[in-house]
Each structure stands twice: as C-alpha cells, then as structure tokens.
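Only one structure is covered here, and it is reproduced in the block below.
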2 protein chains.
Amino acid sequence: MSITAPAGFRAAGVIAGLKASRKSDVALVVNDGPLHVGAAVFTTNRVVGAPVTWSRQVVADGVINAVVLNSGGANVCTGPEGFADTHHTAERVAELLGCSAGDVVVCSTGLIGERLPMDKLLPGVDSAVAALHTDGGDDAATAIMTTDTVPKITHVIRAGWSVGGMAKGAGMLAPAMATMLSVLTTDAVVDAATADAALRAATATTFDRVDSDGCMSTSDTVTLLASGASGVEVGLAELTDALTQACGDLARALVADAEGASHDIAVKVVGAHSEAAAVAVARAVTRSNLFKAAMFGNDPNWGRILSQVGTVPIEVAEFEADQLDVAINGVQICRGGAAGADRSLVDLAAQREVHVEIDLNAGSHEATVWTNDLTHDYIHENSAYST
Amino acid sequence: MSITAPAGFRAAGVIAGLKASRKSDVALVVNDGPLHVGAAVFTTNRVVGAPVTWSRQVVADGVINAVVLNSGGANVCTGPEGFADTHHTAERVAELLGCSAGDVVVCSTGLIGERLPMDKLLPGVDSAVAALHTDGGDDAATAIMTTDTVPKITHVIRAGWSVGGMAKGAGMLAPAMATMLSVLTTDAVVDAATADAALRAATATTFDRVDSDGCMSTSDTVTLLASGASGVEVGLAELTDALTQACGDLARALVADAEGASHDIAVKVVGAHSEAAAVAVARAVTRSNLFKAAMFGNDPNWGRILSQVGTVPIEVAEFEADQLDVAINGVQICRGGAAGADRSLVDLAAQREVHVEIDLNAGSHEATVWTNDLTHDYIHENSAYST
C-alpha cells in the first residue's frame, strides 16, 4: 500500500513503450476528493525540464486533481516543442478525467535532451486512465522507476487519517532536493497553505538531507495531494510530523537503492553552533569522493573526513581544528583533531550501514546527512547510461 | 632540468626509509643567493598540517634559505608533537646549512593522522644535505612523489634569467590550490613584495584552476625562491608571466597524472559576464561525478553538463537556460539549451584530451578549469590507499 492507502485516491501504472525494456513507464495518481488541495516543491536548478515549468504554474493556486508521471525520458532541454508535449499530456489527462489541464501536474524522468515519443505517451495516458484503481498505488510506484532496483513506497498511519507516498531516484541524487520524483497523498482535511508549509518543512529535513552523488537534478518534484476523504481536520504540526516521517522513509529508501552503492552512510554532525552549520559540515563530508571511496574500501580514513570539515568557511561553521572529534560506528577514531582509538577497531565490512559522528565542540545543534559510498558499480552504471 | 636550472640553487633527493617502497622520500632545495627572497601560498583548508602552520611563519618576512620536503607522511592532525617534529626538522636543516630555522620551509605529504618516524627523517635530512648538488633538481622532484607516476618539472627561460619548478600531486587535487607541493626557483633579481604578488597571481590562474577530485588538501604549499644570481632585475609583470607559464606547465602535468584518469578534460566557459562567473560555472561542471563518469565512458552526455551549469546561482553567473551552447571537441552538441549536432559526431575515444566549451551568451569573459574523468582506477586507488 502506498499512495492509494489514504482514502480518496486512485492510481495506475501501465506500459506505454517509452522504455526499451518494455517495463511499465506511465503512472497516474488521481485525487477523487472531496477536497483537491495540492502543494509541490521543485528542484532549485536553473536548468529545468518542461514538466517543472508547467507544474509550477499548476500548483500556484493550491489545487491539484491529478499527477501524471512517465519514466523513459526527462523532457529537459527540449525547447518549446518539449513544453508543448507536456501541455498536451496534461490536456489528455484532463479531458479523460473531466477536469482542467491547469490542475494536472506532469513529471518526467529519464535522459536529458531528447523529445518524448508522444505517439506512445498519449495512448499510455489513455491506458492509465482506464486502469485507475483504488489499489493502484504499487503499480504507479513501479512505473516511475528508472535505474531504481525496487519501488519506494511508504504509509504513515495516524488516528483516522494517513499519509501515503511513493518516490523514484537512484542517481543524480543531491540536495536542493534529492533527484527524484515523489507523490504523497493524504486523506486529512487541510487547506492549501497548510499543505504547502508542511510539505516544505518535511522535505527540508528529509529529501534535502540526502546527497548520493552531489549532482542536482533538473526534474526533482515532490507533490502532495490532500483529498479530505477522512473527514479529520489536521493542523500544521500534525501534518508536518506525518509528512516528515513519510518523506524520511522514502529518502532513506532512495539512499538504500543508490546506484552501485555498497554502504549507506549517515554523517551526523553534533556540537555545532547552529543547525545550518551542522548541515554544511555534513554536506562537505558527504560530497567527498575520497571519503566515499575509502568507505567502499572499508577503510576508516578519518583524515579524509577532517580535511573536508576544514573546507567549510568560518562564517558558515564555527570550530577549531584541534577540537574536532570523529567516531565511526561508535569507535572514537579521532580526538581533538588527532588520532584517537586504533583504526583497526572499526569494522566497516560487517554491515551496510555506516554511522559517522563528527563533534565540532562549538555548540549544541546537530544534523544528519545521508550518502553512500563511491563504487565501481557507480562508475559502471554512469559511464554507460545513455549509450 | 627543473629547480636547479636557474643559477644559485642546489637540490637533492634521498632515501630516508619513510616509504615502505624504499623509494626516495626526502628532498631539499637550497638557495645559495646572493638574494634569499622567498614567497609562498598555502591551502585555504582550516585543517592544516604542522608544516603549513610552521611555514606560514617562515615566509612572513620574505626570506627563505631552504625548503625541505618529505613524502611518506603528511604530518597533519598530529597534535603538538607533530608540530615539534616539523620544528626539529627545520632546525636540523638550519644547523647543517648554517642558517636560521626560521628561514626553512617544511613540506610533508602522505597519509593524514600519523606521526612521522623522526628516527628515519632526521638522518634523511643529513643525507640530503650531503647530497646537495647544482644538478640535483630531478632527484628532488622524484623524492616528493606519492601516487604520482612521473615527476613533474618545468623550466621557463627568459633573457638572462629563468624559472624552474617541480610539483607533486595526483589525488586530493582541487581548488584553493590543487592538492600538492611545488617549489619554484628563479635567478631573477626581485624583492619580496614582487615575488609574493607574482606568485599569488600566477597560482590563481593555474593551480587554482585544476580540480581533479574536488577534495581540498590540508598540505598544499607552493614556495618560490629567488636567488638573484642572474643579476637581471625583473619587474612584476615579467615575473608573473614567467611564473604563470611555469605553474601552468606543472598544473597541466598534475592533471595528466591524476589518479586513475583516462581523459584530461578542459572545461572552457565563454560568454560570461565576468571571469569569476566563468570560473564558477566551469568548476560546477568539473565537480560532477556524473559528467566525469560519462567522459570515462566516452559518452558526450551534454545533459549532465547543462544540469551542472544550472546549479550556479544567478548572483554568481548570469545566463538564461535557453541560451546555453555546448561544444565537445568542436562539435556543437547543444544549441540554445536544446539538442544540436548529433552526439554520434563526437569521438571521445580517439584522444586523451577532451575540450568542452560552454557559451553562456551573457558577456565577453572566459575561463578554463582542468579536470579528469572518474574511473574504476580512481576508485581502486582510493579505496585501498591507507590499508
């Protein structure tokens, strides 16, 4: 159960033939109401796909009736013709559902720079509408996969209402949202302003704190649909809490399925003078190819952690180099900026998860950013992707 | 010929036994004058090695008599004891040369977090002093190598004077200087202020524009020694020009020998509203693992270039997404932010060098940053380095 677990939603996933693999590639999620409240957050990249340009307009009024998503092509850098393709896709959905095209969010994922084959996509939309079902969540989650090896779904249950979610993303996965598409649904009764504020707060501490490969996407879109079908009125704090749990589940699932990864790595920074400082230091470490290659080699190379911490300017994070402590999987391998416990005490090979804790000893704030190791399989997948 | 090519210098490279491989690991460069003008630039990392802390003080008065360098250990994150080790090394050199320890620059390179074996290093210093020779430049260049596969040397000849140089660096190679050690010598007659200004200007457009793996070092040091032995007085512009050529040669050699690389990649950004904007865009592209993995796969994936360009904020670089042009090896593969010439026209397999040109169409400034591809060999070398 995922996006169709909350009341008021139908979904579908079908094969339109956009992928050479002939796996399912068009997904549709419909909000049957009674409310049609919607919110969305998008990539901050200045180069964005036609679907992002389109969907930013759709969500402006806080009303969304449906989300149509395709894998097999990102429709990015495709010019005015690409935008027309997105527009036509929304119009086809709207026509079949009897709503306005201006209330249909469009998401596309795949290779940048190529037009979508509309002669396949539009019939795919027809099939998806025909296949809509209140149990269709898993089919939709499967249809948005690209290099993902498993569908990512979640369901967070509260008293009388719930949040469902699905996401895709395995590469080009970095902050300012993890590179991915996600749809969240809830049957809570909320207004558009609450939906928007809760979604922004929830993504800021979950998807925004995943950095798999440092590469920001042109297509990231997280859409929230609220049907109100539970009849339960929910406030901002409650909704934010449930969405944060749902987004956290999905973000963690993205890291766990990151391209070629053999380790999921949590970099937790404590003792920071602000949360922003903790995030900045954690991000600097999660961006280091040297650190990530060391993790792949099961090498607890704390020197590569400290050298990254040292790249963060003092205006961003206060700390003294000789006050830095680092623990890996609970072993205090660096104390006061110098060698601590023996590195042989750290066993990285035993489990997939790695927990790095960096204490700046400069305050009481903390933050965690998730990443993964840099492996031969990442190189392999990404040197051969489009050819 | 390298650092001993200009008149007034002796150098040596010897085996002290710091490296398990028993290759040479201690280098010494001595300025025999008549002038002992010196300047240096250092890493901007906030976590620095004891040698950087020491040498910043040495260079403050513009006088340097000698530079002693070791591979086999970086002496970084080694606490007060590590600083004492650097101090003792400088004192041993000074005692043997009959100068002040305060005029001896110390550089160390290798693994972070371990003390240097002083019982091997100090006898190595003795051997190096005994081996000093006016032809010793190549021995010194060899003794500073770590994962380098070839020594990096240069000699730039002007009318009656010249600049010699050596450098090491193959990994942890990124801006705010390429991660490396370099010594430059000149027999020109210059004062300390001129030497300092010329060195800063030359490194800013050469070493600072190499980004191999995005990882800033804790030990970067570029030292310039001027002996005045040619008797030729040289002005700032002349010296900057010769140093820029010498540093450019060495920086290019660092990229050519970067760990595991199979392509050297020049990312040239033109049509920028400022040089800083051009540098920022070029750096964003050279930092992309996805772009670099595509290059390894000989895949002219311009979508991964545009998605990186789009990460640069508008405050930093002005451009419109639909005005971006990209050429790879002269083929205009992207025009106006959309597909241009057919990707099959780009042959990346034919040669090691790749030339990417990005036109922002927003001004008349340009800059080039060099990087290399991301390969299986990089992962291999860096997952097994310290173990």
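Every residue, even glycine, has its Cβ placed from backbone N, Cα and C.
What TrEMBL records for this protein:
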BINDING   B:THR146, B:LYS168, B:THR179, B:GLU259, B:ASN382, B:THR387  substrate binding site
ACT_SITE  B:THR179  active site, nucleophile
Lowest local Cβ density among B:THR146, B:ASN382, which the record lists as binding-site residues, within 10 Å: B:THR146
Under 8 Å by Cβ from B:LYS168 (substrate binding site), counting only residues of that chain that are 6 or more apart: B:SER71, B:THR109, B:ALA141, B:ILE144, B:MET145, B:THR146, B:ASP148, B:PRO151, B:LYS152, B:MET180, B:LEU181, B:SER182
B:GLU259 (substrate binding site) in three-state DSSP notation: coil
Of B:THR146, B:GLU259, B:ASN382, chain A-adjacent binding-site residues (C-beta under 8 angstroms): B:ASN382
Where B:THR146 (substrate binding site) sits in the secondary structure, as DSSP reduces it to three classes: coil
Cβ neighbours of B:GLU259 (substrate binding site) where a neighbour is any other Cβ within 10 Å: 26
